[in-house]
Amino acid sequence: MQVRVRLSLLLLCAVLLGSAAATSDDKTNQDDSLDSKSSLPTDESVKDHTTTGKVVAGQIFVDSEEAEVESLLQDEEDSSKTQEEEISFLESPNPSSKTYEELKRVRKPVLTAIEGTAHGEPCHFPFLFLDKEYDECTSDGREDGRLWCATTYDYKTDEKWGFCETEEDAAKRRQMQEAEMIYQAGMKILNGSNRKSQKREAYRYLQKAAGMNHTKALERVSYALLFGDYLTQNIQAAKEMFEKLTEEGSPKGQTGLGFLYASGLGVNSSQAKALVYYTFGALGGNLIAHMILGYRYWAGIGVLQSCESALTHYRLVANHVASDISLTGGSVVQRIRLPDEVENPGMNSGMLEEDLIQYYQFLAEKGDVQAQVGLGQLHLHGGRGVEQNHQRAFDYFNLAANAGNSHAMAFLGKMYSEGSDIVPQSNETALHYFKKAADMGNPVGQSGLGMAYLYGRGVQVNYDLALKYFQKAAEQGWVDGQLQLGSMYYNGIGVKRDYKQALKYFNLASQGGHILAFYNLAQMHASGTGVMRSCHTAVELFKNVCERGRWSERLMTAYNSYKDEDYNAAVVQYLLLAEQGYEVAQSNAAFILDQREATIVGENETYPRALLHWNRAASQGYTVARIKLGDYHFYGFGTDVDYETAFIHYRLASEQQHSAQAMFNLGYMHEKGLGIKQDIHLAKRFYDMAAEASPDAQVPVFLALCKLGVVYFLQYIREANIRDLFTQLDMDQLLGPEWDLYLMTIIALLLGTVIAYRQRQHQDIPVPRPPGPRPAPPQQEGPPEQQPPQ
């Protein structure tokens, strides 16, 4: 009996305390009413009410009366805690400024009362909110998209409401909030450091967030596993993540899964499935998917060739790339072809060696102004083995500018005009440097001053002065000046609209490699403005722009992986870039497969896949790829032996790219009658053409011609009067099937013997000493008037 009385008293106290807390909440929430802000109160001002029960058509039911008792006791406990302690990570003013551990210490989890909706009351359907009746839970008025309902008919009058979520939904939401914290902490480390150890630590955070089904973390980790970026490469794990993302409708996941089916990595190759996933990815707005589809429609890969469809996809991507171009320009990406680098080890790939960079740094520290400006430009744009670093660029430009270098002043002006984390944006400071550089006749400064007058940056807009400075810069060949002149003529700003002049200056700027010049030319050719409309030309120009996007940095990442002998990571990265239409990636992927360096591809699939990418690279005009296609058909690598097809590829390489190797091969095929009728005269002609096309071909051509002379002599004897004597003579049977190789070897040995003998003769002949200088005759000084003037 006493227990029941105590329990009754306890319940009565709890009810009274709960009523008092509810009254206090009602008064507090009146200031944040929906009528005044047209949005629901934040999670901090209203407790999160969920239920362990079920939601049926928006109506929430409580499982038992015991749940109500527990909720009242929970409310009493909650009322003793201040609301200031309940800090939500997603609504903190600057979540990226705190690490995950700091945020976790500050944030306390929102306590969930198991009492249905607000105050334990069920939803009232319909309910009135902003003069509109709702028959089910809604997310209107909330920025976070959470469903809610009112517990009375008119929300404006009573302001009683609650969230329409079960305890399971609330747990998922809290898990997502924690996952977001972990993801932000990882991204802060990833974006704030260039050290590999810290980036690996960042990916540990991202992996943890991905394990909690955080979509962005899943996207990051899946591609990191695919490429082996700071994580051990695992194609199967990447595939599973792509499938999970695809089920959730992630465009990045769909594009990744499409790539796996296109390349046959981790799955059986299926171009049909690849096309489906690429299409879904493009519909979701993924730029990589758009670029892949643009290339496929342009080249007719898996689809009917359609220039207009390719134009649609490429133009969309090019619009994004052009909008990202800054005044200082983006990072420079070096396109290095592995076949060329291996064939010509001494070839300059454009990459700077570490010791050379250190030498320039030494010169810069000693006050060499040219070295300071050069290093400043390298660090400003990146590339050639130097990472982009605006702080170092600013420091080097400052040193050179203080020494009076106009180029450094102009680039400082560009950095101040653009603004960054290192250099604060300042039109006044930029104008100061531009004027100093322009007064010294520097075209970069003149172009910057023209931009200031064109857009009114620190000065009044003055189109005449803008035109004047752009013309001065363009006359000195500066691409920015040429581009801006073209834009002024195209839009008729400060001058009469003139599409011919615009086309002229855009062409000049494009010859200097300016991305926006290519973009503007593409727009003109696509719309037929100032020129005859040409879909093909527009697509090629837009493709050029698209290949300058931020994803092109993956080319250098793949190259570095190859240099580190991580061939699997390199080939996967090159394969994705090859899907996007990069010719250099297609040839590099084919080269790695051709060398059988990547174990990620099966033995039986190596040559067929290499053949596929050699073919795509050859169709984009790469000579080595065209010759490789001939070699593959000649020897039967990845396909059947087909001399006629090999002959066609060699002939194309000879006619279109004037390849000495292709000419030599054509000579050999004419000599042997492989894929073509045997013709000794045509064989000699192609051998001679090869020797003229390349000095490197002269020695093998000489040997081939010597052998050809012997063959011609034997053929002549056969057709002479003593034909009957040699009718039965079969050189292959007499000397063996490789008799021509033996003959070439003998000729080479004889030639070497003659050369050695001649050199020895020259050494034996005593070299006469030159006679000593004769004493100069004494000079007689003439009279002073005959001396020449000094």
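Backbone N, Cα and C define each Cβ position, glycine as well.
So that you can see what the record holds, here are the features copied from Swiss-Prot:
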- 22-734: topological domain 'Lumenal' (TOPO_DOM)
- 22-51: region 'Disordered' (REGION)
- 67-78: compositional bias 'Acidic residues' (COMPBIAS)
- 67-98: region 'Disordered' (REGION)
- 179-214: repeat 'Sel1-like 1' (REPEAT)
- 215-250: repeat 'Sel1-like 2' (REPEAT)
- 251-286: repeat 'Sel1-like 3' (REPEAT)
- 287-322: repeat 'Sel1-like 4' (REPEAT)
- 369-405: repeat 'Sel1-like 5' (REPEAT)
- 406-442: repeat 'Sel1-like 6' (REPEAT)
- 443-478: repeat 'Sel1-like 7' (REPEAT)
- 479-514: repeat 'Sel1-like 8' (REPEAT)
- 515-550: repeat 'Sel1-like 9' (REPEAT)
- 623-658: repeat 'Sel1-like 10' (REPEAT)
- 660-695: repeat 'Sel1-like 11' (REPEAT)
- 735-755: transmembrane segment (TRANSMEM)
- 756-790: topological domain 'Cytoplasmic' (TOPO_DOM)
- 763-790: region 'Disordered' (REGION)
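Counting residues 6+ beyond its ends, the repeat 'Sel1-like 4' (287-322) has Cβ neighbours under 8 Å at 251, 254-255, 258, 271-272, 274-275, 278-279, 281, 515-516, 519, 522, 526, 535-536, 538-539, 542-543, 545-546, 548-549, 551, 579-581, 616, 619 in the same chain. Within its own chain, the repeat 'Sel1-like 3' (251-286) has Cβ neighbours under 8 Å at 218-219, 222-223, 226, 235-236, 238-239, 241-245, 292-293, 296, 301-303, 313, 572, 575-576, 579, 600, 605, 609, counting only residues six or more beyond its boundaries. Outside the repeat 'Sel1-like 8' (479-514) by six or more residues, the chain places 443-444, 446-447, 450-451, 454, 463-464, 466-467, 469-473, 520-521, 524, 529-531 with a CB less than 8 A from a CB of the stretch.
Helix, strand and coil residue tallies for the repeat 'Sel1-like 5' (369-405), in that order: 26 helix, 2 strand, 9 coil [DSSP]. Summarised as a single figure, the pLDDT of the repeat 'Sel1-like 6' (406-442) averages 91.
Cβ atoms under 8 Å from those of the repeat 'Sel1-like 6' (406-442) belong to residues 326-328, 369, 372-373, 376-377, 380, 390-391, 393-394, 396-400, 448-449, 451-452, 457-459, 469, 472 of the same chain, restricted to positions at least 6 beyond its ends. Each residue in the repeat 'Sel1-like 9' (515-550) gets a DSSP state, and the totals come to 26 helix, 0 strand, 10 coil. Sequence-distant neighbours of the repeat 'Sel1-like 7' (443-478) (same chain, 6+ residues past either end, Cβ-Cβ under 8 Å): 327, 406-407, 409-411, 413-414, 417, 427-428, 430-431, 433-437, 484-485, 488, 493-495, 505, 508, 512.
The helix, strand and coil residue counts that DSSP assigns across the repeat 'Sel1-like 6' (406-442) are 26 helix, 0 strand, 11 coil.
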